[in-house]
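Working notes, structure below.
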Amino acid sequence: QVVDWDGPNNPDNPKNWPNPKRWRVTILNSLFMFVSPVSSSMVAPAFSAIKSDLSINSDFEIQMVLSIFILASAVGPLVISPLSEVYGRRVVLHATCSVFLIFNLACAFAKTKTQLLVFRFFSGIGGSAPSIGGGILADCWRSHERGRSLSFYYVFSLMGPACGPIMGGFVVEHSTWHWLFYATSALSAAIQVAGICWLPETYGPTILQRRARRLRGTTKNQHICTIYDKDTPWATLRHAMVRPLRLLGTQPIIQILALFIAYVFGLMYLALSTFSAVWVDIYKERPDIAGLNYLSLGLGFCLATQICAPINDMIYIKLKQRHGNVGKPEFRIPLLVPGVLLVPIGFFWYGWSVQYRLHWSMPNIGAMLFGAGIVISMQCTTSYIVDAYSVYAASAVAATTVLRALAGFAFPLFAPYMYQSLGHGWANSVLAFAAIGVGWPSTWLFWVYGETLRQKSRYAACLSD
């Protein structure tokens, strides 16, 4: 006897849960996603204090305090996302967030730079748990509903890096850098308690396997199973652990989008790591006031999300109606066009405004523009991946996260040397030209050949739900 959903309208299927329940899951999922980026970027305004306290002498070493957290995010998803596709989302999310909480708190007690770097690395591994967030949304929302929930999710993930330095600037100005880690640990603990109380399991195969296990116990019929019980748990886990790397190694869709997402994410962390120095060193602002300039990035993130969410779903529904009421992931691509335009425009504007020391509002306008472009680009590409790899969404997102995290790790390390050599104007122009070279061809490729690439894939869905 095979246990499956009793038709398409089964109320136990997370896609059929009432909207309030699905939005509760989305909000909690987004809050989990918020904490990790806050922790990654909050140290930027505290670089001077940390250098002084822990006797860090080089710019490379102090940038490592920020970057090593992102590097760990390249490792964590390769384990965490597959585990969530074997044991379910809920238990894996809470276990890994506990790892983050322990090591993030340990950072506050670090006495040497080595201790701080080690603790930051392991807290980054735990902090990469929200990489399964895309999978949770794929569990709960159908393709034509997913735009708004993904927008909400991404505004939290991208507001985190913007809010972290603001908080960090005020904490450093009025207390010690240790309180950065106390505060984020307290926030993480509160969100985790809320998740334990109100975040249910969302992964369909896990829900069905639990139902089959209950039926075997009550009926004593050991032949009851699900279609997902073909292998032993260890074999299933082994396949799941390899899947993100296999997707990255064999799927052109993942490879191209991973490269694009990595570049955009690297640009974001390059800006985050150098933004504070622009306002303190060039515009001569105090650290707490300098931190407020990160609001321009946050404003770009929020505006893009609020505009992008309804338009994304509206375009998807209209294109679906034009194509015989059949949805396709490629219907997410049209909105990517303004995203790949705003990123280079924003970097040109920001770089030359700083180069000529124009009024403080001018660099902030540029930052708002590329912040909006980053949100639109990452949201549309993630929507495409989630739609195209529905069942394997967590592994597919994890595959792109590897390159994304490596870029987020590397870009801040070379940023100081690049700005010293080229100045802000030409350095940001080089980055903008590269964004054009990566983003514009990718957009055209997926609009024209996306369906062909999916049809040749054993993992991608030919049609979305």
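Glycine too: its Cβ is placed from the backbone N, Cα and C atoms.
TrEMBL lists 25-453 with the feature domain 'Major facilitator superfamily (MFS) profile'.
Annotation source TrEMBL lists transmembrane segment at 31-50 (among others). Note on the transmembrane segment (31-50): residues 56, 62, 65-66, 69-70, 73, 93, 97, 100, 104, 116, 123-124, 127-130, 133, 153, 156-165, 167-169, 171-172, 176-177, 180-181, 184, 187-188, 191, 194-195, 269, 272-273, 275-276, 287, 290-291 of its chain, located 6 or more positions outside it, place their CB under 8 angstroms from a CB of the stretch.
The list of residues near the transmembrane segment (62-80) in space but at least 6 beyond its ends in sequence, with Cβ under 8 angstroms from a Cβ of it, reads 36, 39-41, 43-44, 47, 50-51, 56, 92, 96, 113, 116-117, 120-129, 131-132, 241, 244-245, 269, 273, 397-398, 401-406, 408-410, 412-413, 415-416. Under the heading transmembrane segment, TrEMBL lists 62-80 (among others).
Taken from TrEMBL, the feature transmembrane segment covers 92-111 (among others).
The transmembrane segment annotation in TrEMBL covers 117-138 (among others).
Sequence-remote contacts of a segment are chain residues at least 6 beyond its ends whose Cβ falls under 8 Å from one of its Cβ atoms, and for the transmembrane segment (150-171) they are 26-27, 29-31, 33-46, 130, 133-134, 137, 177, 179-180, 183, 268-269, 272, 275-276, 287-292, 294-295, 297-298, 301-302, 305-306, 308-309, 312, 371, 374-375, 378-379, 382-383, 386. Marked as transmembrane segment by TrEMBL: 150-171 (among others).
Marked as transmembrane segment by TrEMBL: 177-199 (among others).
Annotated transmembrane segment per TrEMBL: 253-272 (among others), in sequence order. Counting residues 6+ beyond its ends, the transmembrane segment (253-272) has Cβ neighbours under 8 Å at 40-41, 44, 66-67, 70, 158, 161-162, 164-165, 247, 294, 297, 343, 347, 350, 367, 370-371, 374, 377-378, 381-382, 384-385, 388, 396, 399-400, 402-408, 410-412, 415, 431, 434-435, 438-439, 442, 445-446, 450, 453-454, 457, 460 in the same chain.
The annotation transmembrane segment is assigned in TrEMBL to 292-312 (among others).
Residues 264, 267, 271, 300, 308, 311-312, 315, 319, 362-363, 365-377, 380-381, 384, 424-429, 431-433, 435-436, 439-440, 442-443, 446-447, 450 of the same chain sit 6 or more residues outside the transmembrane segment (333-352) yet have a Cβ under 8 Å from a Cβ within it. TrEMBL lists 333-352 (among others) with the feature transmembrane segment.
Long-range contacts of the transmembrane segment (358-377) within the same chain, counting only residues at least 6 positions beyond its ends with a Cβ under 8 Å from a Cβ of the stretch, are 154-155, 158, 162, 260-261, 264-265, 267-268, 271, 275, 278-279, 283, 293, 296-301, 303-305, 308, 335-336, 338-351, 439. Summarising the annotation, TrEMBL assigns transmembrane segment to 358-377 (among others).
The transmembrane segment feature in TrEMBL is assigned to 389-414 (among others).
Here the transmembrane segment (426-449) has long-range neighbours at 253, 256-257, 259-260, 263-264, 267, 270, 330, 333-334, 336-337, 339-340, 343-345, 347-348, 350-352, 354-355, 377, 384, 418-419, meaning same-chain residues at least 6 beyond its ends whose C-beta is under 8 angstroms from one of its own. TrEMBL lists 426-449 (among others) with the feature transmembrane segment.
Counting residues 6+ beyond its ends, the transmembrane segment (117-138) has Cβ neighbours under 8 Å at 25-26, 29-30, 32-33, 35-36, 39-40, 64-65, 68-73, 75-77, 80-81, 84-85, 89, 92-93, 96-104, 106-107, 110, 146, 149-150, 153, 157, 202-203, 382, 385-386, 390, 393-394, 396-398, 401, 405 in the same chain.
Sequence-distant contacts of the transmembrane segment (292-312) (same chain, at least 6 residues past either end, Cβ-Cβ under 8 Å): 147-148, 150-152, 154-155, 158-159, 161-163, 165-166, 169, 271-272, 275, 279, 285, 332, 335, 346, 360, 363-365, 367-376, 379-380, 383. Counting same-chain residues at least six beyond the ends of the transmembrane segment (92-111), those with a Cβ under 8 angstroms from any Cβ of the stretch are 32, 35-36, 39, 54, 76, 80, 83-84, 119-120, 122-123, 125-130, 132, 178-182, 184-185, 188-189, 192, 195-196, 199.
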